[in-house]
Amino acid sequence: TLTRECQISNFESTLDSSDLSVVSVTANGQPARFSLGPKHSFKGTPLEITLPFDLSRGQHVIVEVTYETSPSATALQWLTPEQTAGKKHPYLFSQCQAHHCRSMIPCQDTPSIKHTYYAQVSVPKDLVAVMSAVRDGQEVDPQDSGRIIYRFRQTVPMPSYLIAIVAGALESREIGPRTRVWSEKEFVDKAAFEFSETEAMLKTAEELAGPYVWGQYDVLVLPPSFPYGGMENPCLTFATPTVLVIAHEISHSWTGNLVTNKTWEHFWLNEGHTVYLERMIGRCLESEQFRQFKAIGGWKDLQDSVNTFGANNPLTNLVPSLQDVSPDDAFSSVPYEKGFALLYYLEEQLGGPEVFMGFVKSYIQRFAYSSVTTEEWKNYLFAYFKDKVDILNKVDWNAWMFTPGMPPVKPQYDTTMADACNALSQKWLQAKDQDLNSFKRSDVKTLSSHQVIEFLSLLLQEDPLPLTHVKKMQEIYDLNAYMNAEIRFRWLRLCVRSRWEEAVPLALKMATDQGRMKFTRPLFREVFNFEKFRDEALRVFLAHRAGMHPVTSGLVSKDLKVDVSNAASQ
């Protein structure tokens, strides 16, 4: 049961739906006429409801829709027991962004409309339900003593894409005054340790952006087959077991969840500001050089996205036109990193990080609880910096906002931390066998984990290192002992690429222990490209396919050129 309020005019209401089978509709308890309109390729089907009575101004109407979702609902992922860590119980989680909530609930599925919600969820008593809302008690289901009803209440208005539900064999641990970590029991203690810095980050974010209004900030660590990095659902951030940085999802509590893009064309308002705030948190907790180092990495990610789409592709505009384009197809690092680059460029023009963060905080307070467009953001920027309008007028807004490709200006980032990574990678690339004894354990001990990631990334951009070099690197640096997933992932790719046979089982283990596409696909591809182990890559994939998320297994089977219909019969 999910109760939410929607605006009704002229005795008719239109709700978005996708693959829902609607049984009946009532309004204030009376049967109401309803019909489903024509189906659109990605928008689904409009549900038209006609009220059985005339409305007077201010009258309150409760519309109740009885319906079923379809097994193919795009918002819902049903994991089999073997896709979980515990292997005993099935698991359900939702992912509604950008426009998939309509496959779970008939709603006004647009970020321009915000609503509160209240829900009751009945699950078998061995399972636990959690939602993107504050927990509001539980009781045995009066209709079935083998089930428990969990109640939830979200009192802060939010867009439909942030409604989220999870049901599985969950446990939780308290890690702060307003934070619990939820996961299967196999992961819960590790997760509690991994996310122990959450409260410090929340406090830092509050100092930068204003009070945290959502009450609880819980973290749900999804089963290892979850294919994505994270999702900023209010009160309950979804994370993978491999996410080490939660600053981005925390930042969304202000930019995205509290102030929301009015339509998906303006997605950069969510993501660009979130990356900006995330890096400001990094600046407070680490250093300004650290923020600069992350910004350089972001610029590289932006170049990769622009190269992938093509520099003339209108989807690389900061504000793209999504007429007849599904927001899913437009997704890339462009709104994140082009958005950040614009905000950083403005920061440089307008007086530095403290001055510009003052604007960001003021913007958040001004538009809190509402949805905004780029035009409204820009008007507020000009109003806030009214004494610096001459500087703002010199910005090439058209080139930044509505022109494809890289931004018109590349900010001058501080390269201090990046230089150390470059120097070490160059030393390895140029080393002859007789030079290998000049490397020392202290080479990497003086680098942060973020710098080690960058060092390995630089090596992966070049031709494979000789096997002697990779073996020596392991002997001196003991990179096999690193548990940080981002480091391990790059190190194992480097080893397999240099044809180190002992690394193959480690790479395949990492590819199958977790299912994050960012790690799983490249690891399988590397082993597949090592001729001698091509069959082994296929064998391991087929053995583990049932435990993978369908999106992941479908893409890996393409990478490995597996004919799924054939593979199933083998």
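Here the Cβ of each residue, glycine as well, is placed from N, Cα and C on the backbone.
Straight from TrEMBL, the features:
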- Gln95, Cys96, Gln97, Pro227, Tyr228, Gly229, Gly230, Met231, Glu232, Arg516, Met517, Lys518: peptide binding site (BINDING)
- His248, His252, Glu271: Zn(2+) binding site (BINDING)
- Glu249: active site, proton acceptor (ACT_SITE)
- Tyr336: active site, proton donor (ACT_SITE)
- 416-560: domain 'Peptidase M1 leukotriene A4 hydrolase/aminopeptidase C-terminal' (DOMAIN)
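All features noted in TrEMBL, drawn onto the structure.
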{"residue": "Gln97", "record": "peptide binding site", "Cβ contacts under 8 Å, 6 or more apart": "Tyr161, Leu162, Met231"}
{"residue": "Tyr228", "record": "peptide binding site", "Cβ contacts under 8 Å, 6 or more apart": "Gln95, Thr240, Arg516, Met517"}
{"residue": "Glu232", "record": "peptide binding site", "Cβ contacts under 8 Å, 6 or more apart": "Leu162, His248, Glu249, His252, Ser253, Gly256, Asn257"}
{"residue": "Glu271", "record": "Zn(2+) binding site", "Cβ contacts under 8 Å, 6 or more apart": "Gly256, Pro335, Tyr336, Gly339"}
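A simple way to gauge crowding: the CB of the residue listed as 'active site, proton acceptor' has 25 other CB atoms within 10 angstroms, across all the protein chains here.
Sorting each residue of the domain 'Peptidase M1 leukotriene A4 hydrolase/aminopeptidase C-terminal' (416-560) by its DSSP state yields 114 helix, 0 strand, 31 coil. By a simple count of nearby Cβ atoms, those within 10 Å, the most crowded of the binding-site residues His248, His252 is His252. Max Cα-Cα distance over the annotated peptide binders (Gln95, Cys96, Gln97, Pro227, Tyr228, Gly229, Gly230, Met231, Glu232, Arg516, Met517, Lys518) is 20 Å. Just so you know, the Cβ of Gln95 (peptide binding site) picks up 21 other Cβ atoms within 10 Å once every protein chain is counted.
Using the Cβ center of His248, His252, Glu271 for Zn(2+), the list of other same-chain residues with Cβ within 8 Å runs, in sequence order, Glu232, Glu249, Ser251, Thr255, Gly256, Asn270, Thr274, Val275, Glu278, Tyr336.
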